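J.: Handing you this structure, nothing more for now.
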């Protein structure tokens, strides 16, 4: 057998009695789901004829009972083509599994009037006359963008309304985007590194806010630690008694409610009772998620640095969690082989995504928040529809457990990394592998696209 089935065979080889089969998960997987084999019609006819001529009816019965043969018309594939797509616990994905329509486009951005920078607006020219102000149509955000034909309808799933602070963030992002340099082989990005020195508590998870103002670490000693990486220190909101003394109508009320006595570069959050495996900041930087071996996902306030909710749905370790790009929703995946979709104001999950045959090791939201990707130890990646919980894509090709996922910013592609040292790139719309990025020789634990989607970074230990 191929090398990537060695682990499965080792598990099966330990089953020497009928009783051993009962509680064995791998055995259960094989007995409850058919192994998928994709063969051309000509190859299928040859196999059938060969087995009938040799009077191997028993083998033919086993083939029909335990294999799902996905027959396609046309030329048989080359060994290289087959090798690229096989490797999962249950064989290749059925072609039917990748036929559903996926709305991979981005949602239309709300329209804002973005004020121009002061230096753009005013200033005198050579004759000493003030420059004319630019007409309003040049404003960055007021250009009416057409709806992406591949985008889902705006109201396909309910999304939270934008707060004023969110609008301000978007305005800043638009301004930055206008000045952004296009990246490529000739113009590589500058990179800033943060190193965790003497992390004897065993650093197990990291996330950075989108504006690079805070960094969080999850540790094996069950703590969650938040650092400010700018000169601005982390402060908690004042106590209720002190808040009652504040003038609520003042312009700087948001500044006055913060307690200077609590200012520090580091805040330690206690609550989990096992190693923390995943952390995720909310887009508005007010909340933080963490998931742990203790089977819970916790929601922390970054205003008070206290735990607001403990979500108990998984009965086993939770390996990953992530906030939706729009906030409010989040996803978690764990050892119980399922991913769960939650909303911050519901203590029960809204959706349970079941179908993987082993641990769900990593979870990621699509940029338009309508889909969730999950990577698993069954060596497959699945794409789930948030609206109805359906699995709309199954990607096979990796030869080991998946450990990293990243959507491209335009929503068109998904990059995946696994213990096989390969980075694969998938076209979400067509459900096809675009290519393989070679170079690594060991497990890929991290993948991230640059903001313009031109460059993909991959990391391993």
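Using the three backbone atoms N, Cα and C, a Cβ is placed for every residue, glycine included.
All TrEMBL annotations are machine predictions without curation.
As the structure is a computational prediction, the values presented were derived from the model and not from experiment.
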J.: Region 'Disordered' per TrEMBL sits at which of 114-168, 169-223, 224-278?
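T.: In TrEMBL, residues 114-168 carry the label region 'Disordered'.
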J.: Please give the sequence-distant neighbours of the repeat 'WD' (269-304): residues at least 6 beyond its ends with Cβ less than 8 Å from one of its Cβ atoms.
T.: 163, 165-166, 169, 202, 204-211, 213-214, 216-226, 234, 236-237, 310-323, 325-327, 330, 332, 334, 342, 344
J.: For the repeat 'WD' (353-394), provide the mean pLDDT of the predicted model.
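T.: PLDDT averaged over the stretch: 96.
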J.: Mind checking which residues of the chain, 6+ beyond the ends of the repeat 'WD' (395-428), have their Cβ under 8 Å from one of its Cβ atoms?
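T.: Contacts of the repeat 'WD' (395-428) (Cβ under 8 Å, skipping residues fewer than 6 from its ends): 3-4, 84-88, 91-93, 98, 102, 104-106, 150, 358-359, 361-368, 373-383, 434-438, 440-449, 451-453, 456, 458, 460.
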